[in-house]
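Visitor: Before we start, here is the structure in question, set down as structure tokens.
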Amino acid sequence: MASDLAQTKQPVKVTITGAAGNIAYSLLWRVASGDVFGPDQPVDLTLLEIEPAAKAAEGTAMELSDSAMPLVRGITVTTDQRAGFEGANAAFLVGAKPRGKGESRADMLAANGKIFIEQGKAINAGAADDIRVLVVGNPANTNAYIAAKAAGDVPADRFNALMRLDHNRALSVLGQKLDAPTDAFERVVVWGNHADTQFPDLTYAQLEGADVMPKIDQAWYTDEFIPRVAKRGAEIIEVRGKSSAASAASAAVDHMRDWVQGTDGRWTTVALPSTGQYGVDEGLVFGFPVVGANGQWQVVEGLEISDFQRPRIDANVEALRSEAEVAAQLF
Ligand code: NAD
Ligand code: LMR
């Protein structure tokens, strides 16, 4: 039975796009169960799809309804982009084409970019003032950049892109290497773009308060760890035959939960619009080390950047500048 508190609280309105797709099939149940907004917080869910997948989204909604989740106050399926974001407090922008074998995520910009212009405009028109938008659809950073540009009246910092999956992959590879649970690590960050150029950085990483770098050798770090994490998405596509879904949903849950509920001083990775930190062009949606508190992200500033780190960060600035030039043609 739902708690007394849950009986009295106003529901959070949550929009999930791509509701008939693979990621949403996992994400919806996690949001509905209280994993994101809390165990006492009811949710009102809007499942946004395009016409060809509307029937399948209805099927997903039927299953969600059959799950009898006590925090769920409403489930709406729509193909109307404007109606889909009306009054939304949180939106997971998942709906977009996944890449196939041999494609890069940037290749998806031509197919997917326009989706985020329309959805940015719809968010601008009707979302609640406290809207939080997490873009998952690829290329996630530039799609978030596009949506933020299209939603001129909404503060840009309400638009994030998902790089928590990369962060979680980094923790997992490191945990296996040092035989430690993932939550024993602190101060791991993945800089940049959710793309092969991303820089999973262990410079500041600690394991139970002790520096990680003396525990690993440089060759493993440079030649195995960094490329393993950066290319994990392609590895999943190769082995699974489809792009990651449950792990992506799990990372989206982690991201939105920490945005709403905070990180208790711990670092995580979030791609958010730069305000010029670490030499990243203002407006580019870039993966930074952050902490979450009071419903907001704070980029960890003032870190010393070495000659090993600088070119790896700059490669991501370059890549995102190029994607932004392509994106400008879509408006
Ligand atoms: P999927 O093909 O299973 O589902 C995508 C769904 O989006 C489809 O049902 C489609 O009809 C719908 N859709 C397309 N355009 C839409 C629109 N304008 N409005 C609403 N819905 C729309 O794909 P998936 O596996 O769920 O992946 C979705 C996206 O997430 C892909 O772009 C994928 O590359 C990306 N992804 C990102 C990360 C990340 O870490 N950022 C991780 C995994 C996947
Ligand atoms: C991932 O990192 O798993 C996703 O972005 C899917 C992909 O295209 O790699």
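Just so you know, glycine gets a Cβ as well, placed from its N, Cα and C.
Note that TrEMBL annotation is computational and uncurated.
Found this in TrEMBL, in case it helps:
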- 12-153: domain 'Lactate/malate dehydrogenase N-terminal' (DOMAIN)
- Gly18, Ala19, Ala20, Gly21, Asn22, Ile23, Ala24, Asn112, Gln119, Val136, Gly137, Asn138: NAD(+) binding site (BINDING)
- Arg99, Arg105, Asn138, Arg169: substrate binding site (BINDING)
- 164-326: domain 'Lactate/malate dehydrogenase C-terminal' (DOMAIN)
- His194: active site, proton acceptor (ACT_SITE)
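I'd like these features described in context: how deep, what's nearby, how far apart.
Guide: Counting only residues at least six positions away in the same chain, the Cβ atoms of Pro98, Lys242, Ser243, Ala245 sit under 8 Å from the Cβ of Asn22 (NAD(+) binding site).
For Arg169 (substrate binding site), applying a Cβ distance below 8 Å and a minimum sequence separation of six or more within one chain yields Pro200, Val229, Arg232. DSSP assigns Arg169 (substrate binding site) to a helix in the three-state reduction.
On the 0 to 100 pLDDT scale, the domain 'Lactate/malate dehydrogenase C-terminal' (164-326) averages 98 in the predicted structure.
DSSP assigns His194 (active site, proton acceptor) to coil in the three-state reduction, placing it in neither a helix nor a strand. Contacts of His194 (active site, proton acceptor) defined by a Cβ separation under 8 A and a same-chain sequence distance of 6+ are given as Arg105, Asn138, Pro139, Ala140, Asn141, Ala161, Leu162, Met163, Leu165, Asp166, Ala271, Gly287, in order along the sequence.
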Visitor: Roughly how many Å lie between the Cα atoms of Arg99 (substrate binding site) and Gly137 (NAD(+) binding site), rounded to a whole value?
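Guide: Arg99 (substrate binding site) and Gly137 (NAD(+) binding site) have their Cα atoms 10 Å apart.
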Visitor: Among the binding-site residues Gly18, Gln119, Arg169, name every one whose Cβ is found under 6 angstroms from ligand 1, counting any of its atoms.
Guide: Gly18
Visitor: Please list, in sequence order, those binding-site residues from Ala20, Gln119, Asn138 with the Cβ less than 6 Å from ligand 2.
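Guide: Result: Asn138.
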Visitor: Record lists Arg99, Arg105, Asn138, Arg169 as binding substrate; longest Cα-Cα distance in Å?
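Guide: If we measure all Cα pairs in Arg99, Arg105, Asn138, Arg169, the largest is 19 Å.
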Visitor: Would you mind pulling the longest C-alpha to C-alpha span across Gly18, Ala19, Ala20, Gly21, Asn22, Ile23, Ala24, Asn112, Gln119, Val136, Gly137, Asn138, which the record has binding NAD(+), in angstrom?
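Guide: Roughly 20 Å, rounded to the nearest whole number.
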Visitor: According to DSSP, which of helix, strand or coil covers Asn22 (NAD(+) binding site)?
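Guide: Going by the DSSP assignment, Asn22 (NAD(+) binding site) falls within a helical segment, counted as helix.
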Visitor: Mind checking which of Ala20, Ala24 has the fewest other CB atoms within 10 A of its CB? They're the binding-site residues.
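Guide: With the binding-site residues Ala20, Ala24, fewest surrounding Cβ atoms within 10 Å: Ala20.
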